[in-house]
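Pulled from TrEMBL:
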- B:29-49: transmembrane segment (TRANSMEM)
- B:55-74: transmembrane segment (TRANSMEM)
- B:86-106: transmembrane segment (TRANSMEM)
- B:112-132: transmembrane segment (TRANSMEM)
- B:159-176: transmembrane segment (TRANSMEM)
- B:204-227: transmembrane segment (TRANSMEM)
- B:239-266: transmembrane segment (TRANSMEM)
- B:286-304: transmembrane segment (TRANSMEM)
Amino acid sequence: MIEFIEFILFGAAIGGIFALIASGFSLIFGVSRILNFAHGVCFAVSAYSAIFLIKELSLDVYSASLIGVAMAVLFGLLVYAMTKPIRNNAVMVIIVTLAFALLLEQILLLVFGNRGLTLTPFVEGVQVIHENLRIAKIRLIAIPMAIAILLALDLFINRSMLGKRIQAVSQDLEASMLIGINVEKVFIVTIAISSALAGFAGILYSQIFNVYPAMILRVLIYAFAIVILGGLGSFRGSILASFMIGYVYLATMKTLGAHWSEFVMLITIVGILAIRPTGLFGVRE
Amino acid sequence: MKVELAQLIILSAILSLLPFFVPSAYLYLIGLALVFAVIVVSWDLIVGYAGQVNLGHTTFVGLGAYTAAILQVPSRIGISLEVHPFVAIILAGIVSATIALGIGLVTLRLKGYYFSLVTAILPLVFMQKVFIWKDVFGGEEGFSIPLEKAVFSTTIEKYYFALLFMLLSVLFMLYISNSRLGLRFKAIRDSEELSEALGINVTYYKILALVISSFFAGIAGATFVNYRLTVSPDLYDVSLMLLIILSAVIGGLGSLIGPLLMGLIIYLAKNWWLTAFRFGIINEEVILYITLILVAILMPRGVYNEIRQRLRLISLFYRRT
């Protein structure tokens, strides 16, 4: 029983972090039809910036995290600027973003080395829920934090004017232009929000787990599994799928070991594509 | 076809003379570059001709490499049945092609981005088997093949073997790309809807393109192993994938000869000429990635096609005056 509660709580924390990454990836794809292979860059850049700021300039964890997320947004906008001239050429967009991701991975390897680093958590210590059930406080706090951000994003997309414009562009680009929506502005806002989400996911993740430069590509595996399960371009689908994939990931880690997680993700993806290629909530392209 | 054939023959003739001028340490690298160039050309077949963006080509290279290595050193899995290197290379190609068939059957019947998404994570998945069964596959270090079990032992022999391998593979792919089959691939690349309307079975030909391309990736991986006598997870690595993409994109997708030449140049640049540039956060990989981003943004059609276009414009201009 105690193990089960621990599993549920820890899985929710992982699922929440995955949801922050995947919803941004899905938003960018939905709005601009860009497959952003550099999405993991925002995740890693914010975590590594915060770790660097705390270690070298001994900043406190909150301002370091804030600067980290700002760095993520900056890199997101950089990706926007790089893909702008070739946006109609899907092959080149994939190649440029993938090359950018590998470039950053290489630079992080040269600067920080290939060892795992962690960020000082917002709250230290262990919460004793029951005498046998002790969970690090940051794992507990990560759940409401992620859920609050996702709820705010859901409200923003469905209620605000700008959010409705984002929806309009993702449904039909040409029609949105015709009714006078500034499509470029919508692209920029989307990529900035998505990068900030990935950046915040990086901050939370590095407070719970170790981060390695190779995470830049590794997080993409989970993001792909989530968006395919949830349906490409569906925001709510990707959030639901994140928690499912989070539990699948944790169950794999507990039973088979961490080495198997990629393999299980591939089986999941191939299984979904074979049975229901549009995912849970996807629309046929 | 004639122009490409002539270019290929001239290139091979020049390369066959190299052992008389080049010291054997460099000859060894050029031979590796020739095998790498075959991988690049086979990637061009699926991406440049059939238009399916395969981001996991190294999966099939690595599968072929490990299949051949295990078959040639069967004691690692506790079997004493030894396979001749040539048979092992062909079997490696068949294993890669079979896995590709499975992947293609699931992903290529869907339109859109699914194929790219799935192939992008394939190398990361298949690489894990090396770490899970460490005593069979040798983990991070890989394992080596005893000299007497490889195809050839001296550098000169290996070089000519690599050259012959390159020539035969590229000739075959050149033939395919100019046949009716290649024409169908190009039709699918340019418009799937139109091809379907013309009665082309789009899914069938997309899968066929993937299987052929992966077969060559597999035998190239196996040849790579027989050439350098070690197998290690770097053959699955995403950085090798980027090197393939870089060569094909700069060389010009869909021209086979452009990617072939660029494959040779890029491989030698990475492993020979650029290794001197290592200071601070700059190394040869950083330089190559920045080059790739710049080329993709500034010349999305590739340097080879861009130059050919310019030359055609110039010759048109002179003909008119």
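Every residue, even glycine, has its Cβ placed from backbone N, Cα and C.
Heads up, TrEMBL stuff is auto-annotated, nobody curated it.
If you look at the transmembrane segment (B:29-49) against the transmembrane segment (B:239-266), you find at least three C-beta pairs under 8 angstroms, all six or more positions apart, and that counts as contact. Residues 39, 42-43, 46, 80-83, 85, 87-89, 91-93, 95-97, 99-100, 116, 118-123, 126-127, 130, 136-137, 143, 145-146, 149-150, 213-214, 217-222, 224-226, 231, 233, 235-238, 240-241, 244 of the same chain lie 6+ residues outside the transmembrane segment (B:55-74) yet bring a C-beta within less than 8 angstroms of a C-beta in it.
The stretch with the most CB contacts under 8 Å to the transmembrane segment (B:204-227), chosen from B:86-106, B:112-132, B:159-176, B:239-266, is B:86-106. Sequence-remote contacts of a segment are chain residues at least 6 beyond its ends whose Cβ falls under 8 Å from one of its Cβ atoms, and for the transmembrane segment (B:159-176) they are 1, 4-5, 8, 12, 15-16, 18-19, 27-28, 30-32, 34-35, 37-38, 41-42, 45, 151-152, 182, 212, 216, 219-220, 223, 227, 256, 260. Note on the transmembrane segment (B:112-132): residues 52-59, 62-63, 66, 103, 106, 138-140, 142, 233, 236-238, 241 of its chain, located 6 or more positions outside it, place their CB under 8 angstroms from a CB of the stretch.
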